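**Q** One structure is given below, represented as structure tokens, and several questions about it will come after.
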């Protein structure tokens, strides 16, 4: 533990806790999307009849649980990375390296987030869905150390965020059976996460090379766009397999996957390795793209599952 020697005028513990948890950004959305996709695909593959009110409660539970998980482990990540962050231009202003909050205060914040995360998950989603979160929590614990020992830490991050597919799936099915049916969506999401995080990592490549931080952006250097093209094609293929197996309608195929396919080459061609901010802009574009696909998935689910069922119920009442 360390005691901060930063002048009080520069310290702001409340803001430090807020920023450690990334509550000032939209990054938590990236973890929410796969859980919603998992729920939508499960409803299609299991041919589940949905009612609007229970489904909205499920969405709220997923949002609350994923957000709390993200807050906890982003705090943990920054505790582990604080010495490295001092040497990375983009990260110097984070709460710990800037002295906004001390290490001991950050550790207390992390410890407080853990029971909050468990309570929210259990209370809003129940024990079955909570079991689906366990792999996500385990991988989130080891992720900060992967960038020190392996040249592709993005793969672990892909498994973490992609793993959110399973709690969403279980939230619809109510059990842990047939999780293998969700694997195409898991791998599609994981490949997308690796894809956008490689863009993100290009921002820090010069600093990472100096301090020995490992990433695919560092490993591949100027050849990184070849990997991005492979990952782009792979995610589109796996999303298509998922949609086919879930018998999704033209709403998803045209408005969802069609738009996604247009964005992938645009991202890759837009990357300028000489501009440090280029990768960050494309990363933010992927946050918006994920939100768009989530909206299309919910629209498709509502039109095909909820609306059709409501219409059928109205017809039965009229008869």
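Backbone N, Cα and C atoms are what each Cβ position is placed from, and that goes for glycine too.
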**Q** I'm validating the feature mapping. Which of 81-101, 249-269 is tagged transmembrane segment in Swiss-Prot?
**A** 249-269
**Q** Can you work out whether the transmembrane segment (48-68) touches the transmembrane segment (249-269), with the criterion being 3+ CB pairs under 8 Å where the paired residues are 6 or more apart along the chain?
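**A** By the criterion, they do not touch.
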**Q** Thinking of Cβ pairs under 8 Å, which stretch from 106-126, 127-147, 182-202 has the most of them with the transmembrane segment (28-45)?
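**A** The stretch with the most close Cβ contacts to the transmembrane segment (28-45) is 182-202.
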**Q** For the transmembrane segment (224-244), could you work out the same-chain residues 6 or more beyond its ends whose Cβ comes under 8 Å from its Cβ atoms?
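**A** Same-chain contacts beyond the flanks: 41, 184-185, 187-188, 191-192, 194-195, 198-199, 202, 216-217, 252-253, 256-257, 260-261, 264-265, 267-268, 271, 273.
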**Q** Restricting to CB pairs under 8 Å, which listed stretch, 106-126, 182-202, 249-269, is in contact most with the transmembrane segment (152-172)?
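**A** When the Cβ pairs under 8 Å are tallied, 182-202 comes out ahead.
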**Q** Where else in the chain does the transmembrane segment (249-269) make close Cβ contacts, counting only residues six or more beyond its ends and a cut-off under 8 Å?
**A** 199, 225, 228-229, 232-233, 235-236, 239-240, 243, 282, 285-286, 289, 292-293, 296-297, 299-300, 303-304
